[in-house]
C-alpha cells in the first residue's frame, strides 16, 4: 500500500492537523473513537483508508500521524478534545517550555532534546507501513517551533528516509497581519532548510485565507477554525486519490514529477473552488468549467500573491465528485485560451489532472456548503517569488541593524547562519527570475538531485 505519515509541528501544524483528521474521519465514516460502525464496512473498500489509518486487532483505526509541540497547551487540547480516543497517546509529543518565537530555540536548544523521541515515534509508524510513500509535514515558518523544530525534523527525515518524498504544507507570514516581530528571521532561516529538504512545498498564508472566508463565505470575522477547515479541504482533495478510487488517480510522487521543473523551484500556490456558503449554494449550479475558472482567479489563491504577475510552469487540477474527463478537457481547453493565464514558453502542456469520484465531504455545522463537485488546484507559478521577496525585504530592514539577533546567538546560533540563509533566498529569487525569463535555454542547470 501507499501509506503516508503526517507530521504536525507547532501550533499551526497541530491545528491544521485537527481540521484534517476531523475531515478524514468523516470521509471514511470513522467515529471519533476510531471505530467504524458495522454496516458501513460492507460497502467500503477495506484498503481505502489504510494510506492514512492503521487498523488494530480490535478494529480500531489509528491515524498514521504524529503531533509535536515544544509546549503542552495546544496538544492538551487534542488530548482532551473530541478526537482524544482516536490518537495513540505516544503520537502526541509535547515538551515543557516553548520555543518563544525563536528559530534557534526550536532548532538547537529545546528542539534538540525532543527530536530523537519524535524520530523514534516516526520510526514506529514507518515500521507499521508496508510501502511507505512519503511524509506530509505541516508547520508554520513564522513561529519558533514550526520553523526551528520543523526544519530540524525535515533534515533528520532526509537522512533517515532519503528516498521518501516529503510534501510540506507551510503557513508563511502574511503581508499585513503579523503574529510576531521576528517572523522574517524565522521564515528566512526555515526556508533555507525547506529548500533542501522538501520535495514539494505548498504555501498558505492566513491573510489570503481570511479574505477568502470574508468574501466567499460571508464570515465577518473569520477565526482559525474557519481557516483550518478551508485548508483541510485542500489537503483532503490532494490526498483523496490516495484514499479513494477515481478515473485519474494521482499519487504523492506524481506531484513532484509534474510540478517541479528544477529541484529548488518547488514552492506551490494552492486554490480551491467552489468556496461557497450553504445559503448561496442552493441557488447555484456550479459546472466544471465554472469551478475551474474560479480556481484560477487571483482572489482564490491561498497565499497573497498575484499569479498575473508571473507565469505558470505547471499546474495540477484535482477534481472530486461528479466530474467526467470530457468536462475536464473542455475546461482546461478554455483556460488555455485565456490571455490572463500565461504559461512559460518552455512548458506548453502544463496541466496534470486528477479525477476522484468521492464527492467533497463537509464538516456538519461548518461554513462550507455541501457541493456535488469541487476542484483543488496546485500550481507552480513564478509569482510565488513575491512571497519570498516580501519576507526578504523585511529581514533586511531588521538585520541591517542586527535587531533581535542576540536572542538567536544566545541560543547557540552563529551570525553567519543568518547571512547564509539570506544569500540562499536571494539565489532563490534569482532562480525564479531566470525561469520566468523568455527563451528557456539554461547553462547546465539541469543536473537533477534525485
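In case you wondered, yes, glycine gets a Cβ from its N, Cα and C as well.
Annotation source Swiss-Prot lists N6-acetyllysine at 40, citing similarity to another entry.
Cβ neighbour count for residue 71 (Mg(2+) binding site) (all protein chains, 10 Å cutoff from its Cβ): 19. Under the heading Mg(2+) binding site, Swiss-Prot lists 71.
The active site annotation in Swiss-Prot covers 254, and the record cites similarity to another entry as its basis. For residue 254 (active site), other Cβ atoms within 10 Å of its Cβ number 15.
Taken from Swiss-Prot, the feature site 'Involved in polymerization' covers 450.
DSSP classifies residue 71 (Mg(2+) binding site) as coil under the three-state reduction. Straight-line distance linking the Cα atoms of residue 254 (active site) and residue 71 (Mg(2+) binding site), rounded to a whole number, equals 36 Å.
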